[in-house]
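K.L.:
Below, the features straight out of Swiss-Prot:
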- 30-251: domain 'ABC transmembrane type-2' (DOMAIN)
- 1-30: topological domain 'Cytoplasmic' (TOPO_DOM)
- 55-61: topological domain 'Periplasmic' (TOPO_DOM)
- 82-108: topological domain 'Cytoplasmic' (TOPO_DOM)
- 133-143: topological domain 'Periplasmic' (TOPO_DOM)
- 166-174: topological domain 'Cytoplasmic' (TOPO_DOM)
- 196-226: topological domain 'Periplasmic' (TOPO_DOM)
- 248-258: topological domain 'Cytoplasmic' (TOPO_DOM)
- 31-54: transmembrane segment (TRANSMEM)
- 62-81: transmembrane segment (TRANSMEM)
- 109-132: transmembrane segment (TRANSMEM)
- 144-165: transmembrane segment (TRANSMEM)
- 175-195: transmembrane segment (TRANSMEM)
- 227-247: transmembrane segment (TRANSMEM)
Amino acid sequence: MARSGFEVQKVTVEALFLREIRTRFGKFRLGYLWAILEPSAHLLILLGILGYVMHRTMPDISFPVFLLNGLIPFFIFSSISKRSIGAIEANQGLFNYRPVKPIDTIIARALLETLIYVAVYILLMLIVWMTGEYFEITNFLQLVLTWSLLIILSCGVGLIFMVVGKTFPEMQKVLPILLKPLYFISCIMFPLHSIPKQYWSYLLWNPLVHVVELSREAVMPGYISEGVSLNYLAMFTLVTLFIGLALYRTREEAMLTS
């Protein structure tokens, strides 16, 4: 009995996922350690720089929990987007096998990055809790929906980056640079309400602001962020994914033959 297209893609993605693990980490455990050290180092540096100021301005909120729920979502978005750029070149030989498509490589990479950072998030939140910092998951459904939309959004941006990077090779070095400003305008280091309201309309165009603030609302009792919307995040995600899929559809054959 012939397999359906979905079953073929499922097997392909599973194989690519295992290949990504071997490529990313190899036989060494240092790769797994680095996945934990990178966000941990960011957390410690920002705690050292901003901890005292934030404790004065937000005395009732755990600053480590506040930071973690900004850093990890940004790392997920940044990592999936950037690792999608070279996905075709990294798997070029595999495309001789008909079932393997470029989009499968992005799905496999997105799954790996998601699993890594979700595990890191849980681990660091446990460490923060054991040090005496308080948090409570008050809206688990909101947290799951927000992060699910974040992953889909990242895949949509990844598709766009992959197509643009393959069509215009010189853009492969430019595209990661475009993500850098998002680190500073996505409310990672500061709450939205600390910005004057007249500037909110500009910041709220950024979907990552909604991801970060909704994540904080879900795990920090009493933290309420005006202006953010799960509906806006869902709409922005769907539009981005549609654009990514449309570009991929029109350029798939050209990318494989170029």
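Each residue, glycine too, has its Cβ placed from N, Cα and C.
What's the neighbourhood like for these features in this structure?
P.N.:
Residues 8-9, 11-13, 16-17, 19-20, 23, 155, 157-159, 161-162, 165-166, 172, 175-176, 179, 248, 252, 255-256 of the same chain lie 6 or more positions beyond the ends of the topological domain 'Cytoplasmic' (82-108) yet place their CB under 8 Å from a CB of it.
Note on the topological domain 'Periplasmic' (133-143): residues 62, 64-65, 125, 214-215, 217-221, 230 of its chain, located 6 or more positions outside it, place their CB under 8 angstroms from a CB of the stretch.
Here the topological domain 'Cytoplasmic' (166-174) returns a mean pLDDT of 83 for the predicted model.
Same-chain neighbours of the topological domain 'Periplasmic' (196-226): 60-62, 65-66, 69-70, 73-74, 77, 125, 135-140, 142-143, 146-147, 149-150, 153, 182, 185-188, 232-233, 236-237, counting only residues six or more beyond its ends whose CB sits under 8 Å from a CB of the stretch.
Counting only same-chain residues 6+ beyond the ends of the transmembrane segment (62-81), those with a CB under 8 A from a CB of the stretch are 38-39, 42-43, 46-47, 50-51, 54-55, 106, 109-110, 113-114, 117, 120-121, 124-125, 128, 131, 133-135, 147, 150-151, 153-155, 157-158, 161, 175, 179, 182-183, 186-189, 191, 208, 211-212, 215-216, 219-220, 223.
Non-local neighbours of the transmembrane segment (109-132) in the same chain are 13, 17, 20-21, 24, 35-36, 39-40, 43, 62, 64-65, 68, 72, 75-76, 79-80, 83-84, 87, 147, 151, 154-155, 158, 219; each lies 6+ residues outside the stretch with a CB under 8 Å from one of its CB atoms.
Sequence-distant contacts of the transmembrane segment (175-195), counting only residues of its own chain at least 6 positions beyond either end whose CB sits under 8 Å from a CB of the stretch, comprise 46, 50, 57-58, 66-67, 70-71, 74, 77-78, 81-82, 85, 161, 164-165, 203, 206, 208-209, 211-213, 216, 223, 225-228.
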K.L.:
Counting only residues 6+ away from its ends, which parts of the chain sit with a Cβ under 8 Å from the topological domain 'Cytoplasmic' (166-174)?
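P.N.:
For the topological domain 'Cytoplasmic' (166-174), the nonlocal Cβ contacts are 85-86, 88, 251, 254-255, 258.
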K.L.:
State the non-local partners of the topological domain 'Cytoplasmic' (248-258) in its own chain: residues 6+ outside its ends, Cβ under 8 Å from one of its Cβ atoms.
P.N.:
88, 95, 101-103, 159, 162-163, 166-167
